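*Asks:* Straight out of TrEMBL:
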BINDING   B:H102, B:R103, B:K118, B:K125, B:K126, B:E127  substrate binding site
Amino acid sequence: MTQKFTVLYFAAAKDASKAESDSFEWKEGITSQVLTQLLLDRHPTISTVLKSSMFAVNMEYMDQDSNWTVSPGDEVAIIPPVSGG
Amino acid sequence: MKDIIKITEDIISLEDTVNLVKDPKAGAISTFSGTTRDNFEDKEVKTLSYEAYIPMAEKSVQSLITEARQKWEDLIHIAIIHKIGDCPVGETSVVIAVSSAHRRQGLDAVSWLIDELKVKVPVWKKEIYVGEDSKTGADGGQVWKANNTQP
């Protein structure tokens, strides 16, 4: 059975992808760079918003510079610049 | 000590929120109430709506409250309520209420909490503008806003 992970889109990312969530097949070594490419392959229209967005994995912001990879079953969210308050 | 966190489509009442944090040991209840503006630069805002990554928003508000309790020992109850969905101009979008034995720490905590919320909590505001063309009634476009800094 293939292992998956989920991607959630919010606000401008949701508008650009026209999707609220996607399921991706998991593989070894999905760094933020690899993840970015996977997202662009599926939704070329999110290129602009992705540049200003952060990733959250399982509801924690990921440091852009640290080495992290996606694990099977992870919930990855694309977080465009926030504007609450 | 109660932590009250709500991300809700319901209209927010400042008075109801204040009642949630009342306590016989409190000498002060400090509050912040955010409301939606009717303009951005030269554009007139017709309506606004908020979206949230609700479980992460609740979790990150809880982290802020936990951090505030470490910074200020005098805090008693803390309530943070954020509106999502449509929020017409002039309506309350967020309320923070903090009870404390004395006023100073409560006031400082409220100020810090709203600043941190605006940077860290995954909530987004969309502004929909009034159109130039009154005949067609078409709206003047919409924009997802961004607060000044990212976490």
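Including glycine, each Cβ sits where the backbone N, Cα and C put it.
TrEMBL entries are annotated by machine, without manual review.
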*Asks:* Using Cβ atoms only, which of the binding-site residues B:K118, B:K125, B:K126, B:E127 are under 8 Å from chain A?
*Replies:* B:K118, B:K125, B:K126
*Asks:* At a 10 A cut-off on CB-CB distances, which of the binding-site residues B:R103, B:K118, B:K125, B:K126 has the highest count?
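*Replies:* Per the Cβ count, the most surrounded site is B:K125.
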*Asks:* Across all chains shown, how many C-beta atoms besides its own are within 10 angstroms of the C-beta of B:H102 (substrate binding site)?
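*Replies:* For B:H102 (substrate binding site), the count of other Cβ atoms within 10 Å is 11.
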*Asks:* Secondary structure at B:R103 (substrate binding site) (DSSP, helix/strand/coil)?
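*Replies:* Its secondary structure by DSSP: helix.
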*Asks:* Three states by DSSP: which one describes B:K126 (substrate binding site)?
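*Replies:* It is in a strand.
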*Asks:* Sort out the sequence-distant neighbours of B:E127 (substrate binding site) for me: same chain, 6+ apart, CB within less than 8 Å of its CB, listed by position.
*Replies:* B:F40, B:V45, B:L48, B:Q142, B:V143, B:K145
